[in-house]
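Enquirer: Structure below; questions to follow.
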Amino acid sequence: MVFGNDLTRDSPDIEGLLMLNPRVKNHANLVPTKVTKGARAYWKRNEKVGCGTCSDLTNNFDDAKHTTLSERGALKESLRCLKCADAPCQKSCPTQLDVKQFISMISTRNFYGSAREILSDNPLGLTCGMVCPTSDLCVGGCNLDGTEEGPINIGGLQQFAVEAFKAMNLVQIRDPALPPLSELPDSFQCKIALIGCGPASVSCGTFLARLGYSSITIFEKQEDYSGGLSASEIPEFRLPYDVVQWEIQLMLDLGVKIEYGKALGVDFSIKSLKEEDYEGIFLGCGMPQPKTIAAFQGLTEEQGYFNSKTFLPRVSAASKPGMCGCKKTALPQLGGNVIVLGAGDTAMDCATSALRCGAKRVFIVFRKGFRNVRAVPEEMELAKKEQCEFIPFASPNKVITAKNGRISGLELFRTEQDDDGNWIEDEDQAMRLKCNYIISAFGSTLEDKDMISAMAPIRMNKWGTPDVNADTMATSAEGVYAGGDIAGIAQTTVESVNDGKIDYITGLKALLYLETREDLKDWDGQTRPTPKHQKGKDNHVRGKNGNALPSFGKFLEERKDIIAQQKVKDKQAHEAEGPPLPAPSFRPAPKPRAEVPTVQDMIGRSLPKIGTYNQLSNKKQVVALVDEDMCINCGKCYMTCNDSGYQAIRFDAKTHLPKVSDDCTGCTLCASVCPIIDCITMVPKTIPHKINRGIPFDTSVPVGKY
């Protein structure tokens, strides 16, 4: 038997198939700059700059955080962690999370263990992973900030781990190793009142319930929702409403009760709670009134004036599904130029939210320079990315109105520092900005006289808020504590969580439990099925003819246009007649379909699956399937398939999308080199398996004759 004349069987268009495969250069490239500029624009993935390049963000409340990570990103980022001795990241965290521990668990795919580590110290671990100003806290102390690659994305890793845990939909219980509630001393059954259902109270209630206190009631003034500022003032694109409600549900799992429509100063007071035998009281309510200045006195929304306390809750009510129960709320209708006054996180939220309410241009005006901005870098960068314009060293003096009474502009004076360091307004340096709307975000205060009188006998400080011991969070009234905004110490959500906290293994077992859940049968251990995404953000956009759209050049612009058009349609559908979207629901949680196996039960479980090659069926073949919506167009699958001699993947020269042909043998090489998890999957082959590779034998020559 001899080989035939052909050394290999190549496809007729083998040169075309291999055209984009890397080749050894034997000469210098010569390409005119004009041609390169055209190619650069075609393949461009980053944002365009210049006039007219801003995307329309109207009604687009999709995740806008740059820290969000997919599983691939989380695994790669977690492997960078040095696990430092005496880790400064933990020392910088208000809740003292063991950062290197939870990151280590992510690197071994023990997402349950990582989330448990986080939630044990911070019951609002998912909220904080999304909105915590990590650049000023843990990330600001990361030792890798001294290297070229920069600090670890700790907030993104925290968000990823707790989101994985959230998808498991587990019920929170007290530690089974602790004595049952019935065996605890009578002191654990004392009545405890928490005022306000914001981050501080949720944290306080969770820790008290974990300790065994069984009679905890939260009094919330809102009729329709809970969550405090996390629900009503942090926008949906930074903190989804279902995240806030899920964390509250975990607290409710422990037996904490919430009474809605109960406001301090209207329905009860500190004294009345004491008379009702509440032995412990925690003030976790926020600061209800906005700070303002004389220039805005008497202005109304009809004229075009909002403050942060009226604007952000309306945005949240309209954009967060189910937040206001059966009520349907429309977004504030903005347009033209909007001026936002302030330089804190709330001002940045107002500015980026204004773009989603129809504003064409947003100016962020503040009294001091960029070195004095209170907003964290994460918020500033988002506002900058979305083309908000910053005007420092300017203070509002007078609002200009048109004949019809509507706002038409704002007069500003330049501010400067004198030799003594005092900030002054220079009236000789004035300017006028034309605008259609003004939003003031100067912070909040406590001015409600009924609420203040209801706090008696608590001693108030010179700022008009409760006088609080910073070490114990105790007020001057016995048995009354305070936390969050009203205590005047916390400035962020995570610090509010820690106020409530002070007032007060896992991987294998998780795998065994998850295996018994029918609703999680498509999971791979603790790994969820990977959703279609780009950079960890949802990606379900298709072109007008139904084809996939790569994320570069003209395709990226088409993608943005389609998203903008769809968001406008969604807004119109929301405002039309019909039932409102339901509130998020997490209970009842699914139960295991069978008894959870023990480690002993797993011994020898794989033995029936061990056999010889001859026991396998060659008829059960698989082929590669590329998800074009997740593909990042790197071509590694194409190069690998060519280098191995199969040439079963073609690479489109215009879209850089790979196409798998019928010649695929199911070798899985492409899946092994793909940098995106689940972008390439192996699926059963639906056509007859035909081997189309190798050198054919020439059977016309007798054996032994060469």
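Note: Cβ is positioned from N, Cα and C throughout, glycine not excepted.
Per TrEMBL, the feature compositional bias 'Basic and acidic residues' maps to 566-577. For 579-591, the entry in TrEMBL reads compositional bias 'Pro residues'. TrEMBL lists 622-654, 656-685 with the feature domain '4Fe-4S ferredoxin-type'. Residues or ranges marked as region 'Disordered' by TrEMBL: 522-548, 566-593.
Relative to the rest of the structure, where do these features sit?
Expert: Within its own chain, the domain '4Fe-4S ferredoxin-type' (622-654) has Cβ neighbours under 8 Å at 10-11, 14, 17-22, 530, 532-534, 539-542, 548, 550-552, 660-671, 673-676, 678-685, 693, counting only residues six or more beyond its boundaries.
Across the residues of the domain '4Fe-4S ferredoxin-type' (656-685), the predicted structure has a mean pLDDT of 89.
With a threshold of 8 Å between CB atoms, the same-chain residues lying at least 6 positions outside the region 'Disordered' (522-548) that come near it are 62-63, 68-71, 73, 109-112, 164, 167, 507, 510-511, 514, 555, 558-559, 562-563, 627-632, 655, 657, 677-678.
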Enquirer: Looking only at residues six or more beyond either end of the domain '4Fe-4S ferredoxin-type' (656-685), which have a C-beta under 8 A from one in the stretch?
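Expert: Result: 70-72, 529-530, 548, 550, 620-628, 630-638, 640-641, 644, 646-650, 691-693.
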Enquirer: Taking helix as H, G and I and strand as E and B in DSSP, count the residues of the domain '4Fe-4S ferredoxin-type' (622-654) in helix, strand and coil.
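Expert: Computed counts for the domain '4Fe-4S ferredoxin-type' (622-654) are 8 helix, 8 strand, 17 coil.
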Enquirer: From the DSSP assignment alone, can you count helix, strand and coil residues within the region 'Disordered' (522-548)?
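Expert: Helix, strand and coil residues of the region 'Disordered' (522-548) number 0 helix, 8 strand, 19 coil.
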Enquirer: By DSSP, what is the split of the domain '4Fe-4S ferredoxin-type' (656-685) into helix, strand and coil residues?
Expert: 5 helix, 8 strand, 17 coil
